[in-house]
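Working notes, beginning with the structure itself.
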């Protein structure tokens, strides 16, 4: 009798009445299961209680994480060396989000019942691409200035303001929805969070679609102007040498490749979450490992190999400000630009050091 009373007093029961040492693994009450999951470990609770239906691959997710860490180092190196601070900031934020997400998946391999690990996996991987697309928008605005802003339907700075603004809205929606869905204690609340995430992802897809359409329109208008001969008359002479380099051409293709891979990934995420966390696609690891990690790795790789700092050099700052000739350089901009006249061009054409 005394031993029984002592056991009842000593037994640790949490505020919800759950005994961590004696979980009711036969219960079908969703609320009770949700409150018990925090105490679950492999072999202690049924697999049906896992936050996802599979244990993420340890090897695969470690490899992806290491890829992103290596690319993070590359972005830091090129960013600090070429002083592309804003681009470096957006890229590093996106890459760190990817790293955090794969750390969450590694944690899920160790304990597939942990909602905290699921949250660490879900939210960073969902919002990280928004930071990477922000870097792309910064670059495309400068490409437009270099080739000839007269052929763009938007001013070069509007690409940054409009599309980063739209991505910020998408990012907020995805973060709020992800947090709600991952911490929900019932299916209704989880579904609400997922729906908010889907709205954020769809808005991101729409934003990228509009961006690609405007970029394609600019490319076509520039091509027509080149054929007619009018492009040469309107192109800023300050960037003549830059336009003639193969690196500038490769850089544009790299930007396009990065945009398409992120675009594909966003469409996949919409499809993945459409049926909620219990849907077939959301619990298919093979599909995730193809359309999430590799797509983002290819995007970051393209933006690292063809880093804008390596391509633009000292012209990165004036291109961002829309400067078309050295005569329009402000004192602040001029201090960051060191140009020498080329022998084969007239006095207004310059080559970067």
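Glycine is treated like the rest: Cβ placed from N, Cα and C.
Copied over from TrEMBL:
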TRANSMEM  58-78  transmembrane segment
TRANSMEM  85-107  transmembrane segment
TRANSMEM  127-149  transmembrane segment
TRANSMEM  161-182  transmembrane segment
TRANSMEM  194-216  transmembrane segment
TRANSMEM  248-268  transmembrane segment
TRANSMEM  288-306  transmembrane segment
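At the 8 Å Cβ cutoff, the transmembrane segment (58-78) and the transmembrane segment (288-306) share at least 3 close pairs (sequence separation 6 or more) and count as touching. Of the candidate ranges 161-182, 194-216, 248-268, 288-306, 288-306 contributes the most Cβ pairs within a distance under 8 Å of the transmembrane segment (85-107). Looking at 194-216, 248-268, 288-306, the range that has the most CB pairs within less than 8 A of the transmembrane segment (127-149) turns out to be 248-268.
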